[in-house]
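First the structure, in the form of structure tokens, and then the observations on it.
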Amino acid sequence: MAATEPQPNLRQRRKEQRTPSDETITSNVEEDLPKRDEVVWGKTPGGEVFRVPTTHDVLTLFHPGYPKSHIDLFNLALLGLQIVLYLTLSRTASQVFFLFYFAFWRAAYDVGLGWVLTKQSKRKWIVREVQRLGWLDEKRRPEVRQWIKKQLAGKMGKDYSFDELPLEYNTWLLYRQLVDIILLNDFLAYCMFAFSCFRVPEGLSMTVHVMRWIGGIALIAFNLWVKTEAHNVVKDYGWYWGDVFFQRGALVFDGVFELAPHPMYSVGYAGYYGLSLIVGSYAVLFVSLAGHAAQFGFLVFFENPHIERTYGQRKPLAQRSPLLPKASRKLEDVPETRARQSSVSSVASTESPTPAATEGDTATESEEVYTETETEQELDRASSIKSKRNSLGLSVSSREDISRKHSKRVQAMSTHDLFHRYFRQDTVFLNNIDLFRSSDFQLVLVMAYAATLVFVPSLSSPGGALALHGVHALVWCLFHSFGLGLVLRAQSQSKFLVRHYLKHYHYPQGDRGEGAVQEAFRNWKAIYNLSMTMTYVSFAGLAWKTYTVPQQWTAGNELLRHTLGVIMIGLHIWSTLESYEVLGLFGWFFGDFFIEDFPSHLEYTGIYRYLNNPEVFSGAAFFGLALISGSKLVFALAVVRLLSQWWFLSKVENPHMRKLYGDSIRSDAGFVKVIKKVAQKNARLLESRAGRHAPEIKRVAREVKGTFDKVYEETAEAVEEFLAKSRPKISGVMQDTKVMLQQSRERLVISRVASDLSAYDTKKYNVSLVPSADGTYRFHLGEPIRVKWRAPLRHSRKDWIGIYRVGANQSNLVTKTSSLGMWVPVHDDEWDGDIPLSLHAPKTAEPGSPTVEEGEVVFRSGALPWRTGRYEVRYHHDGKYNVMGLDGPFEVVDRPSKLDFASVRETLMHIVPLCLDMDPSLIPQSCKPQDAHTNTGPVEDEERVAEAETDGRDPDDFRFWSERQAKRISLAVEQAFDVELTPELIVADANLSALAHRILVSKELLSD
């Protein structure tokens, strides 16, 4: 996990912007006001604007008043066939048939639709296929077009005009028909399978049976309510993924979408489990879990990436801006401010991988070739960010003179630099662990001792060993919540930890207390992570000691306990990851208790949109382990863990939040607001029907609420009084550094060769490199490489050109090693990522026309080799490995003539912009191209520095869109200077002069 800088999420909880759903429910009169029909406008990717006609939902399929198209009749026939088969097949045959039938439709939904929608989202594949096949072209396929028009027009309203609407919209309507077939058959197949598995469980009392039915019916009703409310919010446009085809304004997610993340895919499947309860079958339960998991796969692999592509905004890394003036604390008359800020929210995105034709393993046994085929983490950084940092001024060049001229200005700290001052690849559980850090080594050592106690045979009685493990788990649990909680509360109230270090340790003069704050926070992070890890390890050890493998899994509730236990552990892991994604390192380690320099904000995003304290889910794994082990002792400790976590939230974290933000903290999270809305709506309905008994009902409700409030207050006071009697103190040591340099390696491939080479004249193929700017075949790292090609007119449209290291392939006829992403298609429109589309047939020669075709391709970014060396280019036939032409060698080089500040910085000025794809918004001001009509030299440099100062940016600062760009710079620095710097260090510096100094210092320290 890369070290990342803060952005406004939670624990910098930015003040939320209220939406109508956040306010008190309006009066009945207000709700019942008639709504005027609004004209909805759509826009195609090509820019065509059109009026979106009214659509009808899928239930009209069963309404006799609506006409039925041929597709509707086919759908109804499939549904009717399922019912007939259910009634005619034997019970066992029905179970087998509908299990596989449901699996087919579920795969058609989650795999089939997901694959098609992904291609449509990326390349508008569905629309292009309809265009290619001519289904809606009146000249090419008039009969097909007329049939489709008839199918669609019959299902639409009077405002629909097939001929006037764009191709994208009509294609979407046609696609909806396919979706309706899949969704309805998927749902009915599941129901038929569940009904065929119906049984009455034996050995249960009548009360349990009644509760089972009530619970099942309630879950099904809840499922229907969620789906209905979700459809009311997103309408047919969102329900059928309309934004994959055309735009209709931004989607607004409120109402039930504040209840839970992705309610249609999460709580919207509660009916699966309700029906499992009713039919009393483990088979139905596990099929429900598998179907639900497949739906989450659809969400993860299609919907989330599509939402990010369509509505997401890329934000650069390492962006700098001076911190706002501080106003709440004074130290030597320097104002500072209280702050609470989160770290970073990472959004995963995937670039197109290398095509199958170029996958492989090793090319040679020598040096590895770096490429960028792996998945990257696109890190959103939303800080306000760009700092002023003085040039380090060690060169004799004119730029150095300019830097020295401005070096006397007071440097303003930025959030980016402040974050990297306090966080350096900190270990979270076992993530980022480095055994050469003393704190990490101690963590592993303590865990090893704990694991040894669990697995080594006990020398005492079984009861004594169990008691030992119980006490061990209890002590860590109490220490983590109460011990560290009291220390953290003292830090909030009186700066206890910082005062401790100021009192006992010496810090340099003029430090102004920053050393004490950093050391206190560094040691706090180590202690907190050790305590949290050991809490889980000790609890898991106790569960293991009490666990026995069931002899008969289907007897009693053994299988149910294990299933629910695993689900609760999974819920715990998910909620923890979601919380960390919002909080980042800053929030995870309670940075706002120590660091007062970050600007304070309130914002509720991610899981915090739905819950104020998702930490309550952190007890789910403990109860899951209690269910799996079946031990009362483990269950009792899970209860203690839950109560201690509740005390920590109510007595430590919440008071600190109120201290920082006061009344700006919201009272109700999205989940609570939705429940309150539903409750108030039903309360008004109940009150209207209760008549004269309404006041009595209100009085009883108030009394019950008062009783619960009184019990809550008395319990809190008792726990507080108990904890006040003991207050442990603890200290530790932690040093943070992490080296993460990943290298891609070549992979062995099974070469695919074409069988039609005899039909092509290889002499007509040619590929040639275009020399670099200096007229040679020597290219800098990251410099675009242009290649000209010539081929017969009827050559395959799937031809491609790859770059390989010289000597990697022994044959000039067939390539037997992977290009590792260093490839480009000859015709880019013929490829969808790594899949050839074959949209166009090879050209045919006409009399008098040329018999060859020529063109040029450019290798950029990830298609370039990012290691120095000698390479060659190869032209391949038909998406396979047959070599039709090659050229080379050419060299990739980048080494400075001498090692001083001026030379190193000058080399970086060439490397960094190329690694950043020459993006003007990312590259340093000092590296931007100069106007040819202006003078160059020291005077212009000074003007450009002054211009950079006006926007608060050091002219040597640069930024990133993704970690991949930082990896490029890291690798380029290693190639140019023989200095290994991790991408995290590149992101932390993000400045040419700072990076040049770091390289020079490293060379000096590592020189013989």
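Yeah, the Cβs are placed from backbone N, Cα and C, and that goes for glycine too.
Since the structure is predicted, the reported quantities are computational estimates derived from the model, not experimental observations.
Here TrEMBL flags 1-10 (among others) as compositional bias 'Polar residues'.
For 329-339 (among others), the entry in TrEMBL reads compositional bias 'Basic and acidic residues'.
According to TrEMBL, the compositional bias 'Low complexity' annotation covers 342-359.
Among the features that TrEMBL reports, compositional bias 'Acidic residues' is placed at 362-377.
Positions annotated as compositional bias 'Polar residues' by TrEMBL: 928-937 (among others).
As annotated by TrEMBL, compositional bias 'Basic and acidic residues' applies to 945-956 (among others).
The region 'Disordered' annotation in TrEMBL covers 1-29 (among others).
According to TrEMBL, the region 'Disordered' annotation covers 326-386 (among others).
Marked as region 'Disordered' by TrEMBL: 928-956 (among others).
Among the features that TrEMBL reports, transmembrane segment is placed at 71-89 (among others).
The annotation transmembrane segment is assigned in TrEMBL to 96-117 (among others).
Look at TrEMBL and you will find 174-198 (among others) tagged as transmembrane segment. Using a Cβ-Cβ cut-off under 8 Å and counting only residues 6 or more beyond its ends in the same chain, the transmembrane segment (174-198) has close neighbours at 58, 61, 69, 71, 74-75, 78-79, 82-83, 85-86, 91, 94-95, 98-99, 101-102, 104-106, 108-109, 112-113, 126, 130, 135, 148, 151-152, 236, 240, 245, 272, 275-276, 278-281, 283-284, 287-288, 291.
The transmembrane segment annotation in TrEMBL covers 210-226 (among others). Beyond the transmembrane segment (210-226), the same-chain residues lying 6 or more positions past its ends with a Cβ under 8 Å from any Cβ of the stretch are 204, 256, 259, 263-264, 267-278, 280.
Residues or ranges marked as transmembrane segment by TrEMBL: 272-302 (among others). Long-range Cβ contacts of the transmembrane segment (272-302) within its own chain (Cβ-Cβ under 8 Å, at least 6 residues beyond either end) map to 95, 99, 102, 106-107, 109-111, 113-114, 117-118, 121, 190-191, 193-195, 197-201, 212-213, 215-220, 222-223, 262, 265, 554, 559-560, 563, 567.
Feature annotation from TrEMBL assigns transmembrane segment to 441-460 (among others).
Annotated transmembrane segment per TrEMBL: 466-488 (among others), in sequence order. Sequence-distant contacts of the transmembrane segment (466-488), counting only residues of its own chain at least 6 positions beyond either end whose CB sits under 8 Å from a CB of the stretch, comprise 450, 453-454, 460, 496-497, 527-528, 531-532, 534-535, 538-539, 541-542, 545-546, 590, 593, 633, 637, 640-641, 644-645, 647-648, 651-652, 656, 723, 727-730.
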Could you give the residue numbers and ranges of same-chain residues that sit at least 6 residues beyond the transmembrane segment (71-89) on either side and whose C-beta is under 8 angstroms from one of its C-beta atoms? 61, 97-98, 101, 151, 155, 177, 180-181, 184-185, 188-189, 192, 195-196
